[in-house]
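S.K.: Dropping a structure here in structure tokens format, bear with me for questions.
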Amino acid sequence: MYMKYGMADEPQPESNGNARIIVFGVGGGGGNAVEHMVRQNISGITFVCANTDLQALNKLSAPNKIQIGADETRGLGAGANPEVGRNAAESNEDEIRAMLEGYNMAFITAGMGGGTGTGAAPVVARIAKEMGILTVAVVTTPFSFEGKRRAAAAKNGIEALTQHVDSIITIPNDKLTQAYRNLTMVDAFKKADDVLLHAVNGLTETIVNPGLINIDFNDVCTAMTAKGHAMMGIGRSSGNNRAAEAMEKAIRSPLLDDLNLRNAQGLIINIIGSGVSMEEVMSIVAIGEGMMDEDANVFYGLVEDPNMEDDIHVTVVATGLTMSDQPAPTKVQAATATTSPAPSQTATADYLKQQRPAAPKPLTVGNYLQQQQQLKNS
């Protein structure tokens with residue numbers, strides 16, 4: 001059952017520059033993540049929630065809602081059974097397909113391990129991919145104390161989801177207890193929801209803002225279609241060392257520290273600032289170089305914005321990553337930097353095309369930043 005509140009009868013994609021983006025929350029966890037974004041009053045993005053639990057769905061303020069599996073679950077949820085969640089989504093496939101019509105990019109968010117999110121999210125992803133939509137999943141995995149059965153369900157759900165998405169961002173809930181031990185559960189979960197918020201904001205800003213070196217939606221598609229795990233972040237800084245600090249903030253996420261940054265298959269770095277020097281661009285790129293696989297698709301953007309004053313803003317998207325306990329693939333080709341620089345940026349573009357040696361071993365965010373600090377102090 002499709003429900004809209006305070007809007008026209010037919011869903012209309014919201015144009016965002018040259019791309020239309022939709023965020024699709026599935027199940028209770030996905031709905032909560034979308035609710036967090038809706039409360040930020042983000043414009044130009046369409047939000048939709050799908051759930052078997054009608055009571056939970058009605059509590060959300062997202063303007064687009066789909067009750068799935070009404071006949072099977074009678075609006076009472078999936079009972080932690082992913083098969084029920086999958087059947088529910090398949091029974092409402094026409095409504096899901098209609099909601100996705102006209103969009104270029106879809107973020108699908110869900111909590112893995114339960115019934116609706118685990119079972120239905122892969123169905124939504126499959127439909128999106130069948131429609132030719134660039135599809136990115138942002139999911140959480142259960143706490144260890146929730147038991148092996150729930151962990152196994154989450155693993156199976158992620159494996160099913162991975163078959164249908166271009167990139168996936170996985171946030172282990174156990175990381176919340178490690179990184180934000182002193183926060184309340186509500187505030188800790190908001191930190192996880194911020195990963196989705198930053199991913200959507202960062203990519204939207206990258207696509208929409210024209211610059212001296214442009215990144216368009218097709219560039220994003222090329223980078224994002226590198227299968228595997230993804231990392232997205234935003235950093236902002238000012239002062240003498242603003243460039244490196246902004247870049248380090250962009251890749252510093254305690255919730256994603258299990259990723260191996262050395263073997264990115266796709267990399268996007270977008271820089272926004274006022275009076276950004278070539279040295280600052282090269283400083284940011286130097287950090288990015290450590291994240292690249294040798295034949296990665298690399299895209300750089302630079303936007304001059306006088307309103308930024310002394311601030312510099314860096315958005316980073318790294319795709320095709322493996323977990324830190326998996327070896328980085330050995331490649332033989334040099335990385336390719338694909339940009340359309342203005343004439344004054346030729347030297348920067350040449351710098352970006354330099355060949356770099358293969359990384360010897362996996363490198364997490366924490367290890368990488370520790371190395372950077374040691375280099376500064378040496």
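Glycine is no exception: its Cβ is also placed from the backbone N, Cα and C atoms.
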S.K.: If TrEMBL gives GLY28, GLY29, GLY30, GLY31, ASN32, GLY115, THR116, GLY117, GLU146, ARG150 as binding GTP, which of ASP71, ASP94, ASP187, ASP193 does it give for that site as well?
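M.R.: Same GTP site in TrEMBL: ASP193.
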S.K.: Identify the region 'Disordered' range according to TrEMBL, selecting from 304-326, 327-349.
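M.R.: Matching range for region 'Disordered': 327-349.
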S.K.: Counting Cβ neighbours within 10 Å across all chains shown, tell me which of the binding-site residues GLY28, GLY30 comes out on top.
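M.R.: Max Cβ neighbours within 10 Å, all protein chains included: GLY30.
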S.K.: Hey, which of the binding-site residues ASN32, THR116 is the loneliest by Cβ count within 10 Å?
M.R.: ASN32
S.K.: Under DSSP, the domain 'Tubulin/FtsZ 2-layer sandwich' (213-330) has how many residues in helix, strand and coil?
M.R.: 36 helix, 47 strand, 35 coil
S.K.: Fewest other C-beta atoms within 10 angstroms of its own C-beta: which of the binding-site residues GLU146, ASP193 fits that?
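M.R.: Sparsest of the binding-site residues GLU146, ASP193 by Cβ contacts within 10 Å: GLU146.
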